[in-house]
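This report refers to the structure that appears directly beneath it.
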Amino acid sequence: MNLILLGPPGAGKGTQAKLLIKRFQIPQISTGDILRAAVSEMTPMGVKAKGYMESGALVPDEVVVGIVRERLEKNDCLNGFILDGFPRTVAQADALKHMLVCMNMSIEHVVSMAVDKEELLQRITGRRTCRLCGKGYHVVFDPPRVSGRCDECLGELFQRDDDQEETMRKRLDVYEDQTAPLITYYENESLLRSIAGVGSIDDIQQRILSIIQGTHG
């Protein structure tokens with residue numbers, strides 16, 4: 001099963017991917033993780049990426065695609081994979097398609113998790129993290145027993161810069177500009193299935209499974 005999960009920041013892609021990994025015993029491939037690993041291992045593409053990163057430049061698509069290919073060639077991807085954070089643009093999607101053809105592989109499912117912008121803002125801006133132990137909370141959905149203090153160590157809770165409303169709105173704007181066109185791209189490829197990314201974690205997981213198992217209407 002070769003799957004792409006699409007959705008804006010805060011849609012819950014990471015949470016759903018973890019459940020799918022456990023169920024299907026396939027790897028979740030995060031471009032951030034594999035980029036760092038390729039640089040650390042000094043793979044051919046990792047060496048190229050290192051040069052761009054050290055100069056402060058964006059790593060070009062052809063290098064990112066090459067690093068994805070290096071990862072997909074590993075044995076743990078033989079039974080499938082979940083792509084997380086890639087592709088981000090139509091150009092990357094096109095490059096991925098042609099790369100997979102060369103590898104005699106293809107994407108089987110593209111699941112788009114739709115969540116209202118205000119819901120996303122509430123999810124993200126409500127996050128709080130303990131400065132001492134790193135435990136996460138949410139002011140609405142998972143509040144601490146004592147406001148502003150960690151249940152475990154009584155450390156101060158803080159809001160990460162990435163979780164502040166202004167930053168989050170900018171991230172959502174970038175998603176709309178760059179990544180949302182992927183929805184049209186994969187619709188044209190007859191691969192896209194959209195689900196509501198709201199409700200319980202189990203409810204959302206069942207919607208994804210119904211697509212994978214061919215029972216989604």
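The backbone N, Cα and C atoms fix where each Cβ goes, glycine too.
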Given that Swiss-Prot annotates Gly10, Ala11, Gly12, Lys13, Gly14, Thr15, Gly199 as binding ATP, state which candidate in Arg127, Arg128 belongs to that site as well.
Arg127
Which stretch, out of 30-59, 90-119, is listed as region 'NMP' by Swiss-Prot?
30-59
Give me the CA-CA distance between Cys130 (Zn(2+) binding site) and Phe86 (AMP binding site), in Å, as a whole number.
30
Pairwise C-alpha maximum, in angstrom, for the residues (Gly10, Ala11, Gly12, Lys13, Gly14, Thr15, Arg127, Gly199) that bind ATP according to the record:
18
Could you pull out which residues elsewhere in the chain have a CB under 8 Å from any CB of the region 'NMP' (30-59), counting only those six or more residues past its ends?
66-71, 84-86
